[in-house]
């Protein structure tokens, strides 16, 4: 217990972030299920027409989804033994549990903080919530913000001062909506998967599709997930560009009522589609969790170098026993990852 409470090691703190994120994510997923069940059809379903309770659930769901585990991977990716400020890393994590507690308490005080996940006025103003519920939710966000700020300082200092020789910075511009900043970690994971399963580096900085074209594709589960992500992201991005026109936005986007659990029959078909899509996502998450559980219980133990993968295989048969390795330093670490991944500074060729 002392190790987990007072550890300054990036691996331990990254594991704590993962466990905490899973716990908060399960609560937020439960709220999400309630939201989608209520919106699955017009009229009152489960909340008895309680608009305030509906907004409280949406607020808690949106704020609970803020978690990450970059601590575990960053030192491995840049060849550092640990984070630049280990004690600051510990403090940044332990600010999150009080933040979670305050948020859950805010949903129980008086009528709850029913501001919606964007916390916009007028619902966030004192005229709509005169009690302490919104104050507790705001204080919860303050603690989470301080945690993120301290973690960001740590990440920046680590990358600038502790990366291995040979690692360089690449820059690209972002001209999409600012809220996509939360998707940047996913872009990094997608880039790694595409590069690994196509056998070639990313073409340019954001050319994921161009990398797949002409690459030696190995059709594996991770690559299939990524290809699905690319298709959905392109469709979502195209619709976002269209809705940048204010007139079109009001015409085709702002007719669905917000912050209330009821809507006209005209929107029932699309809400049913969204609800079924959410159900499929929940089932997929449960199945993935079962696969991870089964691997922990019944899976084969790997050797110290499990990263070498067959050069070509399909879902049913391995055609070649040759292995190919990556020239990136994170794949040079044995499994499980040591307490300090790199005791000596590696050189990236």
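Keep in mind that glycine also has a Cβ here, set from the backbone N, Cα and C atoms.
Automated prediction, rather than curation, is the source of TrEMBL annotations.
Between the stretches 76-93, 202-219, TrEMBL puts its transmembrane segment entry on 202-219.
Mean pLDDT of the predicted structure over the domain 'Cytochrome oxidase subunit I profile' (189-254): 76.
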